[in-house]
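Below: one structure, written as structure tokens.
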Amino acid sequence: MKIAVHGYGRMGEALRNACAIKTNSVDAYYTFDIRRDVDWSFLRTNVDVIVDFSSHDALKALLQGLVKYCHKCLIIGTTDQTDEQLELIQNYSRSKPVVMSPNFSPGANVLFWLTRKTTQILGPSLDLEIVEMHHRFKKDTPSGTARALSEILEKARYEVDRTVLVQRLGRVRGQDERTPTEIGIHSVRGGDVIGDHTVHFFGKGERLELTHRATSRETFADGALRAAHWVVGQKPGLFNMQHVLGLEETLPLPVFGPTNSGSPKGNLKIQ
């Protein structure tokens, strides 16, 4: 398999390092940035799949270029998309398979699965809170993974008792007491934390915590490569890491773009 990595950031570097490991079955890999000169003819001839870990602005330009010059299978790890960008992704997926996920770590995707199952089993009476922690340079708040967890909680709770939950970002001094329909999301930034996510289920006389901690970006890079191997040969459509792992009923995507008001189902139709 031949891969083109779009993006020169921390995840782009981790992915290039993963591509260089022979056991990952990558025959060749290339790096490019849409904001510089791009040899579309080279990509069209020499690449099987493009893996994007850039920024939402760069991803928009990439999608426009792919539509015009070079239709290839696409893996998207960039988060914080606008409605316009999500529509571009949806349109592109009609001609080529796309895997889009807020987190490519297999362990984090098991956390997604456990979060939904826990909500279904323990019922509607729990208070739900999410705490996420990342390094001091992370730009988007809350993280794409935290937003994914929030949407999973929202959808699972709606299935249980038709309650529409409201996302709340943190708490401030003087704020009113917690309401039963809130999902709290708390973001912590500092140091070199790769990524920690904990879902808190607060019940009467007990609480349950589900936690995933990433200690190296290798887990995201390895997951993205797993998705790249999987997507080649798939029919056109929009998929996520849950499809890759066989847990596709769990994650209601898109999980890193705006959601429809009052609806737990998100914006895009996923296969």
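Just so it is clear, glycine is given a Cβ too, placed from its N, Cα and C backbone atoms.
Residues belonging to the domain 'Dihydrodipicolinate reductase N-terminal' (1-104) score a mean pLDDT of 91 in the model. What TrEMBL lists as domain 'Dihydrodipicolinate reductase N-terminal' is 1-104.
Neighbours of Arg36 (NADP(+) binding site), defined as other CB atoms within 10 A of its CB across all chains, total 7. The annotation NADP(+) binding site is assigned in TrEMBL to Arg36.
Look at Ser101 (NAD(+) binding site): DSSP puts it in coil. Here TrEMBL flags Gly77, Thr78, Thr79, Ser101, Pro102, Asn103, Phe104 as NAD(+) binding site.
What TrEMBL lists as active site, proton donor/acceptor is His134. According to DSSP, His134 (active site, proton donor/acceptor) sits within a strand segment.
Contacts of His135 ((S)-2,3,4,5-tetrahydrodipicolinate binding site) defined by a Cβ separation under 8 A and a same-chain sequence distance of 6+ are given as Arg189, Gly190, Gly191, Asp192, Val193, Ile194, in order along the sequence. Residues or ranges marked as (S)-2,3,4,5-tetrahydrodipicolinate binding site in TrEMBL: His135, Gly144, Thr145.
Per TrEMBL, the feature active site, proton donor maps to Lys138.
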Those recorded positions, out of Arg36, His134, Lys138, Gly144, Thr145, that come within 10 angstroms of Asn103 (NAD(+) binding site) at the Cα: Gly144, Thr145
Least Cβ-crowded entry, counting other Cβ within 10 Å, from the binding-site residues listed as Gly77, Pro102, Gly144: Gly144
Listed recorded positions among Arg36, Lys138, Thr145 whose Cα sits within 10 Å of Pro102 (NAD(+) binding site): Thr145
Listed in sequence order, residues not in His135, Gly144, Thr145 with Cβ within 8 Å of the centre of the (S)-2,3,4,5-tetrahydrodipicolinate site Cβ atoms: Thr79, Pro102, Asn103, Glu132, His134, Lys138, Asp140, Ser143, Ala146, Gly195, His197
Inter-residue C-alpha distance, Arg36 (NADP(+) binding site) and Gly77 (NAD(+) binding site) (nearest angstrom): 20
Binding-site residues (Thr78, Asn103, Thr145), the one with most neighbouring Cβ atoms at 10 Å: Asn103
